[in-house]
Amino acid sequence: MNLFSLKAEKFLNLKTLSDLKLIKIFRWDSSEKKDPWYSTYVVSLKNCGPIVLDALIKIKNECDSTVSFRRSCREGICGSCAININGTNSLACLQKLNIKNNIIYVYPLPHIFVLKDLVVDLTNFYAQYRLIQPWLQSSLNIKSKKEIYQSKQDRLYLDGLYECILCACCSASCPSYWWNHDKYLGPAVLLQAYRWIVDSRDDNTLSRLLSLKDSYKLYRCHTIMNCTKTCPKHLNPGKVIASIKKRLLNLEVLGEKRDLNS
């Protein structure tokens, strides 16, 4: 039997079965009046794909169809399968199964309301993203068929920003966001905000900056840097937030006429 459910690890000697992984999944349903619990499953590496998402799909298809989780691209592009694996926020489609630990603990993203099992409610997260107006705002005629020119140098300013997939791994790892998620925008949304602030094609740089000048929206960041450590795309939200603060400081000290894109 290569895939089965266990009630306790004591029924399996994992030290003698190195090709097996014990998967412990957090379970809870917000629609039911039950306390959270853990379901434990065993997956054989011999007939399962190499990543955690493969194991979750195998468990759902062959053992327990009630296990709920999000997934889509399987390539680290969409960010749908963001969960907490062994205490670290990551994408299930990027985290390998063949790690040193025989037991793999799988939780939903921390400090976000759980809908069911590994599925969290991202309503507030997306509402905050909408708040920064994440689209190009230009005074040029939008009906024109001619593209808005951007130099190669200006394009380079977007590197390390546009790659963000809004998986929420960074925001869910930030203690400041845990305590102030209703006011603090969090590292993911602030990184996205900076992506539009530095875009040379956008004409609303000043208003975008001023909209972040708030003791909670921006300044709850205390450079703990969990966001940078956990980002599956290897981005640096902490550095980006510091850059936003610096630009606002320059604006206050040197005045609005300063080149905000420098």
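Using the three backbone atoms N, Cα and C, a Cβ is placed for every residue, glycine included.
Annotation source Swiss-Prot lists [2Fe-2S] cluster binding site at CYS73, CYS78, CYS81, CYS93. Summarising the annotation, Swiss-Prot assigns [4Fe-4S] cluster binding site to CYS164, CYS167, CYS170, CYS231. Taken from Swiss-Prot, the feature [3Fe-4S] cluster binding site applies to CYS174, CYS221, CYS227. Per Swiss-Prot, ubiquinone binding site is recorded for TRP179, and the stated evidence type is similarity to another entry. If you look up Swiss-Prot, you'll see 21-110 marked as domain '2Fe-2S ferredoxin-type', on the strength of sequence analysis. The domain '4Fe-4S ferredoxin-type' annotation in Swiss-Prot covers 154-184.
Annotated features, which come from Swiss-Prot, shown on the structure.
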{"residue": "CYS73", "record": "[2Fe-2S] cluster binding site", "Cβ within 10 Å": "13"}
{"residue": "CYS93", "record": "[2Fe-2S] cluster binding site", "Cβ within 10 Å": "24"}
{"residue": "CYS164", "record": "[4Fe-4S] cluster binding site", "Cβ within 10 Å": "21"}
{"residue": "CYS167", "record": "[4Fe-4S] cluster binding site", "Cβ within 10 Å": "26"}
{"residue": "CYS170", "record": "[4Fe-4S] cluster binding site", "Cβ within 10 Å": "30"}
{"residue": "CYS174", "record": "[3Fe-4S] cluster binding site", "Cβ within 10 Å": "26"}
{"residue": "TRP179", "record": "ubiquinone binding site", "Cβ within 10 Å": "12"}
{"residue": "CYS221", "record": "[3Fe-4S] cluster binding site", "Cβ within 10 Å": "24"}
{"residue": "CYS227", "record": "[3Fe-4S] cluster binding site", "Cβ within 10 Å": "30"}
{"residue": "CYS231", "record": "[4Fe-4S] cluster binding site", "Cβ within 10 Å": "24"}
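Each residue in the domain '4Fe-4S ferredoxin-type' (154-184) gets a DSSP state, and the totals come to 12 helix, 0 strand, 19 coil. Apart from the site residues CYS174, CYS221, CYS227, the chain places the Cβ of CYS170, SER171, SER173, SER176, TYR177, GLY186, PRO187, LEU190, THR223, ILE224, MET225, ASN226, PRO237, GLY238, ILE241 no farther than 8 Å from the centroid of the site's Cβ atoms, the recorded [3Fe-4S] cluster location.
Listed in sequence order, LEU53, PHE69, ARG70, ARG71, SER72, LEU91, ALA92, CYS93 are the same-chain residues six or more apart from CYS81 ([2Fe-2S] cluster binding site) with CB atoms under 8 A from its CB. If you take every residue in the domain '2Fe-2S ferredoxin-type' (21-110) and average the pLDDT, you get 95. A gap of 7 Å separates the Cα atoms of CYS78 ([2Fe-2S] cluster binding site) and CYS167 ([4Fe-4S] cluster binding site). Surrounding the centroid of the Cβ atoms of CYS73, CYS78, CYS81, CYS93, where the record places [2Fe-2S] cluster, the chain contributes additional residues within 8 Å, namely LEU53, ARG71, SER72, ARG74, GLU75, GLY76, ILE77, GLY79, SER80, LEU91, ALA92.
Considering only the binding-site residues CYS73, CYS167, CYS170, CYS231, CYS221 ([3Fe-4S] cluster binding site) has CYS170 as its nearest partner by CA-CA distance.
Geometry remark: CYS164 ([4Fe-4S] cluster binding site) versus CYS227 ([3Fe-4S] cluster binding site), CA distance 12 Å.
Apart from CYS164, CYS167, CYS170, CYS231, the [4Fe-4S] cluster site neighbourhood in this chain, defined by C-beta within 8 angstroms of the site C-beta centre, holds GLY79, ILE165, LEU166, ALA168, CYS169, SER171, PRO187, ALA188, LEU191, CYS227, THR230, PRO232, LYS233, LEU235, PRO237.
Separation of the C-alpha atoms of CYS231 ([4Fe-4S] cluster binding site) and CYS174 ([3Fe-4S] cluster binding site): 11 Å, rounded to the nearest whole number.
Annotated pair CYS174 ([3Fe-4S] cluster binding site) and CYS167 ([4Fe-4S] cluster binding site), C-alpha to C-alpha distance, rounded: 14 Å. When the Cα of CYS170 ([4Fe-4S] cluster binding site) is compared against those of the binding-site residues CYS73, TRP179, CYS227, the shortest separation belongs to CYS227. Between the CA atoms of CYS73 ([2Fe-2S] cluster binding site) and CYS227 ([3Fe-4S] cluster binding site) there is a gap of 23 Å, rounded to the nearest whole number.
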